[in-house]
Amino acid sequence: MQLIYQSYSSVKFDTNQILSIVHNYSYDMYKETADWLLERTKIRPKVAIICGSGLGGLAEVLDDKTDFPYSDIPHFPTSTAPGHAGQLVFGRLEDHECVCMKGRFHFYEGYTCLSLQVTYPVRVFFLLGVKTLIVTNAAGALNGSYKVGDFMLIKDHINMPGFAGQNPLRGHNDERFGVRFPCMSDAYDPDLRALAKQTAKEQGLDSLLQQGVYGMQSGPAFETIAECEVLHRLGADAIGMSTAPEVVVARHCGLRVFAMSLITNILVRDYDSNEKANEEEVLESTALRTKDLQTFIRNFITKI
Ligand code: HPA
């Protein structure tokens with residue numbers, strides 16, 4: 001029996017469509033996306049960059065750019081978050097061929113399941129031949145020694161949605177991507193972090209450089225004071241609404257990962273404070289550091 005579901009917007013889905021949305025994309029769908037892209041660019045990227053909120057300017061570091069709006073790419077989700085442009089940019093950085101996501105997908109945008117749309121591009125990168133994933137994001141600081149404008153090298157994460165059952169690898173495991181139970185204790189590559197420290201030092205950014213644990217919560221609401229307290233006690237140094245799902249999927253398919261947060265605000269920890277987390281502050285703080293981050297990523301990639 002073929003059940004037809006009618007949504008509020010009167011678009012009709014049949015059971016197969018719903019299953020394909022709720023369960024998994026097939027390997028063939030990822031492959032179709034990768035092949036479509038490979039047919040349209042000569043770039044064969046080994047490095048992929050995911051740009052965080054307001055950090056899409058990172059794509060500017062690439063030369064000989066070809067860009068594809070997400071809406072043109074078969075099976076690709078589209079980006080709805082503020083500060084996220086929605087383009088996949090291929091290009092070169094000296095000898096390095098790269099692909100850059102100008103705009104990422106977040107769980108809070110309403111995608112049905114973390115495993116599907118939010119991490120879709122990561123498996124496409126894998127099929128394009130990418131070996132290293134660089135992730136940037138904006139985050140609020142819990143660690144009392146961090147300042148707005150600092151860069152935090154992510155040495156580990158706490159995936160709060162994962163604790164609540166939203167692990168992106170939940171469901172059928174396709175061994176062509178990776179094993180059923182992938183290791184995550186080595187999620188953030190220590191050699192790449194060492195290279196990042198060296199790069200920051202050469203650029204004179206070492207006074208801004210921190211290293212810490214990123215706590216992911218699903219958003220879109222910012223954290224309550226009690227939630228900040230919980231994540232701080234669990235060991236998080238900063239909180240954001242992204243990154244962990246992409247990193248889990250990248251590690252599952254064997255990509256090396258480097259991730260960095262730009263500290264855009266200090267989280268409110270005191271009930272007497274009049275400070276309030278807000279999107280404007282996040283985007284303003286990001287804009288102030290875009291140039292430094294662009295230079296840093298350019299120098300870093302040339303060293304990989
Ligand atoms: N919380 C969650 N996500 C964020 C924050 C924050 O304070 N700042 C930037 N992204």
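Here, residue 1 is simply the first one shown, and the rest follow in order.
Using N, Cα and C of the backbone, Cβ positions are placed for all residues, glycine too.
Marked as domain 'Nucleoside phosphorylase' by TrEMBL: 46-301. The phosphate binding site annotation in TrEMBL covers S53, H84, R104, F105, H106, A138, S242. What TrEMBL records for E223, N265 is purine D-ribonucleoside binding site.
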Nearest-integer angstrom distance between the alpha carbons (Cα) of R104 (phosphate binding site) and E223 (purine D-ribonucleoside binding site): 21
Contacting binding-site residues for ligand 1, chosen from R104, F105, H106, S242, N265 when the Cβ sits under 6 angstroms of any of its atoms: N265
Site of maximum Cβ density within 10 Å, from binding-site residues R104, H106: R104
Cβ neighbour count (within 10 Å, all chains shown) around S53 (phosphate binding site): 25
Secondary structure at N265 (purine D-ribonucleoside binding site), reduced by DSSP to three states: strand
Residue with minimal Cβ packing [other Cβ atoms within 10 Å] among the binding-site residues S242, N265: N265
Lowest local Cβ density (other Cβ within 10 Å) among binding-site residues: F105, A138, E223: E223
Length of the line joining the Cα atoms of S53 (phosphate binding site) and N265 (purine D-ribonucleoside binding site), in Å: 13
